[in-house]
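Asker: So TrEMBL says this about it:
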ACT_SITE  GLU148  active site
BINDING   CYS105, HIS147, HIS151  Fe cation binding site
Amino acid sequence: MILPIVAYGDPVLKKVGVDIDKDYPNLDTLLDNMFETMYNASGVGLAAPQIGLAIRLFIVDTTPFSDDEDLTDEEQKALNGFKRVFINATILKEEGDEWAFNEGCLSIPDVREDVFRKPKVTIEYLDENFELHTEVFDGLIARVIQHEYDHIEGVLFTDKLSSLKKRLIKGRLGNISKGKIDVDYRMRFPDQKKKR
Ligand SMILES: [Zn+2]
């Protein structure tokens, strides 16, 4: 089932997510629905707060990035089919010199800005079978993980912009909250006037 994606301005996007355990109700269905929702919106990642749940869960599938011709064959191969579920994740370490990448977010349609992040990340997480992993990721995979991880910490990429950039996009963000935007996937807008 495709779930509505929560738009910028909804308080759930500002909440720090809580850990879940194996008994979390209907987790398999939730994961199926989240993947379906993400693919439907052509996303490469989706975090639970974006569908209204303040829990430490996010999913990633970087396959759409893998046909980028600017990447090496090796990088394309790493991105193709990289599909993961991250539960109760903790970033243990971020390393290297920050690099800029033009990020977007399914909760903030049509806004894209350069965001600086470190290139290498060590993360501890549980997979969908609640098996513990500690892994190191870099490049675009690390980038997507960092973006989604921010969601479960209540942080959006727009929070990371300069105050000038924030002022420049303020009006567009307000319009997104009100639903004054064309978007080709299902969304829920916090400040939309109810139709009578
Ligand atoms: Zn996002």
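Backbone N, Cα and C atoms are what each Cβ position is placed from, and that goes for glycine too.
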Asker: Within 10 angstroms of the C-beta of HIS151 (Fe cation binding site), what count of other C-beta atoms is obtained when all protein chains are considered?
Answerer: 25
Asker: In the same chain, outside CYS105, HIS147, HIS151, whose C-beta lies within 8 angstroms of the Cβ mean position for the Fe cation site?
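Answerer: Here the nearby residues are GLY45, ALA47, GLN50, GLU103, LEU106, SER107, GLU148, ASP150, LEU156, PHE157.
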Asker: Relative to the Cβ position of CYS105 (Fe cation binding site), how many further Cβ atoms are located within 10 Å?
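Answerer: Taking all protein chains shown, CYS105 (Fe cation binding site) has 24 Cβ neighbours within 10 Å.
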Asker: Could you tally the C-beta atoms, other than its own, that fall within 10 angstroms of the C-beta of the residue listed as 'active site'?
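Answerer: The residue listed as 'active site': 25 neighbouring Cβ atoms within 10 Å.
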Asker: Need the DSSP three-state call for CYS105 (Fe cation binding site) to compare against my parser.
Answerer: coil
Asker: How many Å separate the Cα atoms of CYS105 (Fe cation binding site) and GLU148 (active site)?
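Answerer: Their Cα atoms are separated by 9 Å.
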Asker: Around the Cβ of HIS147 (Fe cation binding site), how many other Cβ atoms lie within 10 Å? Please give the count over every shown protein chain.
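Answerer: Result for HIS147 (Fe cation binding site): 24 other Cβ atoms within 10 Å.
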